[in-house]
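Asks: Per Swiss-Prot, the feature signal peptide maps to 1-19; the stated evidence is sequence analysis. Residues annotated as N-linked glycosylation site in Swiss-Prot, with sequence analysis given as evidence: Asn125, Asn256. If you look up Swiss-Prot, you'll see Cys164-Cys207, Cys198-Cys240, Cys298-Cys348 marked as disulfide bond, on the strength of similarity to another entry. Summarising the annotation, Swiss-Prot assigns active site to Cys167, His307, Asn327.
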Amino acid sequence: MVPRRLFVLAVVVLADTAAVVNSGFADSNPIRPVTDRAASALESTVFAALGRTRDALRFARFAVRYGKSYESAAEVHKRFRIFSESLQLVRSTNRKGLSYRLGINRFADMSWEEFRATRLGAAQNCSATLTGNHRMRAAAVALPETKDWREDGIVSPVKNQGHCGSCWTFSTTGALEAAYTQATGKPISLSEQQLVDCGFAFNNFGCNGGLPSQAFEYIKYNGGLDTEESYPYQGVNGICKFKNENVGVKVLDSVNITLGAEDELKDAVGLVRPVSVAFEVITGFRLYKSGVYTSDHCGTTPMDVNHAVLAVGYGVEDGVPYWLIKNSWGADWGDEGYFKMEMGKNMCGVATCASYPIVA
């Protein structure tokens, strides 16, 4: 049995290093000696539980980098097993020469069941998009060959939903923040927590999921959405604390893309502004690193989609057309918080539940 003292030390070490998760092994980091000592202590703990192997060392460095905390030898073994399975998935997938690559990230020691329960929403029927109301532009209005709304300066920074299935709120605020900045030329950060706490009457369920189309309707009839500063994110369901004097944006209406109509979605993303979309996340996607994601195993129906995000552009990479999408799992996930999804096949239902707001 491994002495409890070592695991207590590991918890303390990890707590101290959580604030420097992105600088763990950078040569330019001025506090590298502290990080190195923390890594050394955790490595000793992991080796005591797992033995001195290359994979155990890799696991210890992963834990330090992402500020992990393991409270017992049993948990170290459990997380190491999941981490090893993730590592094998990354290696086997990347050997296939697909259009995308996986990589180890902060989710590598979480089981699929844990990840699904804390990062994804429950499937909901996107009935609003059965018949869309987006008006396609005239044929004389040419779509740009590629589009990236970040280059126009209207896309807000990537946020992190944490351990709450509130992706729909971040998709909603991302679309609203872009629309507001496009209209005013000023940046804004809006309250996801208000949507978590206050949107239940419009068939949204806080940390258990919701839909941007329903969130836009809530904001429209509520009279607005507060700013992030006045109503900060907590990542748990709470009591509604909306205050009219703190409203940052109002919604006049929302526009829905017809279910599965990628031509409408491309028209909206190319010529209007970023669009809230949803798709089905399946197990390997959580380890996405780069490239154009594609899958033969995800669904495309309204009851398949389980994660809401924001389409901010499109393009072509190595001959594969893609959607450029902003996620809400932090800027250290994927390609600086973004990913690319294959276009033209309604991949994983990306055009199944899409809508965008019209702001006051």
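Along the chain as shown, the residues are counted starting at 1.
Every residue gets a Cβ built from N, Cα and C, even glycine.
Relative to the rest of the structure, where do these features sit?
Replies: Other Cβ atoms within 10 Å of the Cβ of Asn125 (N-linked glycosylation site) number 14 in total over all chains.
Secondary structure at Cys164 (disulfide bond), taken from DSSP and collapsed to helix, strand or coil, is coil. Here the Cβ of Cys164 (disulfide bond) has 21 other Cβ atoms within 10 Å, regardless of which shown protein chain they belong to.
Listed in sequence order, the residues of the same chain lying 6 or more apart from Cys167 (active site) and placing their CB within less than 8 Å of its CB are Arg119, Leu120, Gly121, Gln161, Gly209, His307, Ala308, Val309, Ser328.
Long-range C-beta contacts of Cys240 (disulfide bond), restricted to its own chain and to partners at least six residues apart, with a cutoff below 8 Å, comprise Gln194, Asp197, Cys198. In the three-state DSSP reading, Cys240 (disulfide bond) counts as coil.
Reduced to three states, the DSSP call for Asn256 (N-linked glycosylation site) is strand. Packing around Asn256 (N-linked glycosylation site) is summarised by its Cβ count: 21 other Cβ atoms lie within 10 angstroms of its Cβ, all protein chains included.
Taking Cβ-Cβ distances under 8 Å and a sequence gap of 6 or more within the same chain, the neighbours of Cys298 (disulfide bond) are Phe279, Glu280, Val281, Ile282, Asp304, Met347, Cys348, Gly349.
His307 (active site) carries a strand DSSP state (E or B).
The Cβ neighbour count for Asn327 (active site), using a 10 Å radius and every protein chain shown, is 26. Under the DSSP three-state reduction, Asn327 (active site) is assigned to coil, being neither helix nor strand.
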Asks: When neighbour density is defined as the number of other C-beta atoms within 10 angstroms of a residue's C-beta, which of the disulfide-bonded residues Cys198, Cys207, Cys348 has the lowest density?
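Replies: Fewest other Cβ atoms within 10 Å, among the disulfide-bonded residues Cys198, Cys207, Cys348, is found for Cys207.
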Asks: Any idea what the Cα distance is from Asn327 (active site) over to Asn256 (N-linked glycosylation site), rounded to a whole Å?
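Replies: Between the Cα atoms of Asn327 (active site) and Asn256 (N-linked glycosylation site), the distance comes to 20 Å.
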Asks: What whole-number Å value do you get for the CA-CA distance of Cys164 (disulfide bond) and Asn256 (N-linked glycosylation site)?
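Replies: Cα-Cα distance, Cys164 (disulfide bond) to Asn256 (N-linked glycosylation site): 26 Å.
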Asks: Need the DSSP three-state call for Cys348 (disulfide bond) to compare against my parser.
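Replies: Going by the DSSP assignment, Cys348 (disulfide bond) falls within a helical segment, counted as helix.
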Asks: Work out how many Å separate Asn256 (N-linked glycosylation site) and Asn125 (N-linked glycosylation site) at their Cα atoms, rounded off.
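Replies: Between the alpha carbons of Asn256 (N-linked glycosylation site) and Asn125 (N-linked glycosylation site) there are 14 Å.
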